[in-house]
Amino acid sequence: MSVPNQSKGIVEEFIIVGFPGLQDQASKNIIFATFLFVYVCILLCNILIIGIFLLDEELHTPMYLLVVNLAFSDIIITTTVVPKLLAVCSSGLNVISIPACFIQMFFIGATIAVESFILALMSYDRYVAICKPLYYFSMTNNYLVKKQIIVCWVSAFIIMLFPVITTSRLQLCGSKLMSCFCENAAFHQVACSDTTVSNYAGLVSGLFVTIGPFAFIVFSYIRIITSVLRAGSSTGYLKAFYTCSTHLLIIAVFYLVAVGTYPVGRVPNVSADMRIMAVLLQNVIPPLFNPIIYCLRTRKIRESFLKILKRNKILSSGI
């Protein structure tokens, strides 16, 4: 696969520049050490969540199925983004083939979309648990949630095909991508053909996978708040808050990071390094905080973890 280039013939590969203002080795070493630590934490924490779920059958419920898929998507997105950044900073391996670049772009967008859809499914689960507790197991169960999760993954991957395909059709006049990974904004900077279609494809896809689920989440919580207020019980308020607090924190991290970082690349006079860091943090902060929030805020996960540790200790002592 090759992309025509008006000034240099054929672009056969891209160069990931990283942070253009931080090209000295000392800065690269700091970036490498920081994001290596963050990446290891993300992997360990999310693998811990998945491992606890697999080892404790009591957690095989609809809500924890969603939590595990959130952890799995967190692992995918950071593994798609961070290792290339580490390679660029440590050994200067900043070259990436065109197919690999588009694959990276596709998986980043798709996994972000999956997370957004899963957060919406979690809000529905909380709505049923609080507003219709007697009908919980008839309205949602493992079989139904597994089907919904499959729909989330398939839909996310289909939706993200459109911006990637339109971006791949751009005619390029350069091979240096001012970013830490392959993204639409970096492609548009080196494009010498009209980017209108690609911009609109990215905008529509982004709105569909963020605004749509967010509206559903808001609607679900309006129903939850209305139901709790009608009950008029202080005990009901506390129970509802405890049931929803973890999910609300996850939502806050996901959307506040998106809202906080999105305008950075569109504000005049913002440096390229600031824009790149904002995009990078958008793909790193939620995967880092999600498992920490669940481990600290969810009693059943903590109890399961302690139970597994005690069980393994008994087995090892018996041996």
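Cβ coordinates are placed from backbone N, Cα and C, and glycine is handled just like the others.
This prediction places the mean pLDDT of the domain 'G-protein coupled receptors family 1 profile' (45-294) at 83. Taken from TrEMBL, the feature domain 'G-protein coupled receptors family 1 profile' covers 45-294.
If one looks beyond the transmembrane segment (30-55) by at least 6 residues along the same chain, the residues whose Cβ comes under 8 Å of a Cβ in the stretch are 18-19, 22, 64, 67-68, 71-72, 74-75, 78-79, 82-83, 85-86, 89-90, 284, 287-288, 290-292, 294-295, 301, 304-305, 308. Look at TrEMBL and you will find 30-55 (among others) tagged as transmembrane segment.
Positions annotated as transmembrane segment by TrEMBL: 62-82 (among others).
Within the chain, the transmembrane segment (102-124) has long-range Cβ neighbours (under 8 A, six or more residues past its boundaries) at 63, 66, 69-70, 73-74, 76-77, 80-81, 84, 96, 140, 145, 148-149, 152-153, 155-157, 159-161, 163-164, 167-168, 181-184, 205, 209-210, 212-214, 216-217, 220-221, 247, 250-251, 254, 283, 286. Sequence annotations record features per position, and here TrEMBL assigns transmembrane segment to 102-124 (among others).
Long-range contacts of the transmembrane segment (144-165) within the same chain: residues 62, 65-66, 69, 102, 105-106, 109-111, 113-114, 117-118, 121, 125, 184, 198, 201-202, 204-205, 208-209, each at least 6 residues beyond the stretch ends and with a Cβ under 8 Å from a Cβ of the stretch. Summarising the annotation, TrEMBL assigns transmembrane segment to 144-165 (among others).
Sequence-remote contacts of a segment are chain residues at least 6 beyond its ends whose Cβ falls under 8 Å from one of its Cβ atoms, and for the transmembrane segment (200-219) they are 109, 112-113, 116-117, 119-120, 123-124, 156, 159-160, 162-163, 165-167, 184, 251, 255, 258. As annotated by TrEMBL, transmembrane segment applies to 200-219 (among others).
Positions annotated as transmembrane segment by TrEMBL: 240-264 (among others).
Summarising the annotation, TrEMBL assigns transmembrane segment to 276-296 (among others). Outside the transmembrane segment (276-296), and at least 6 residues removed from its termini, the chain residues within Cβ reach (under 8 Å) are 18-19, 35, 38, 41-42, 45-46, 48-49, 67, 70-71, 74-75, 77-78, 81-82, 85, 108, 112, 115, 178-181, 183, 185, 246, 249-250, 253-254, 257-258, 260-262, 264-265, 302, 305.
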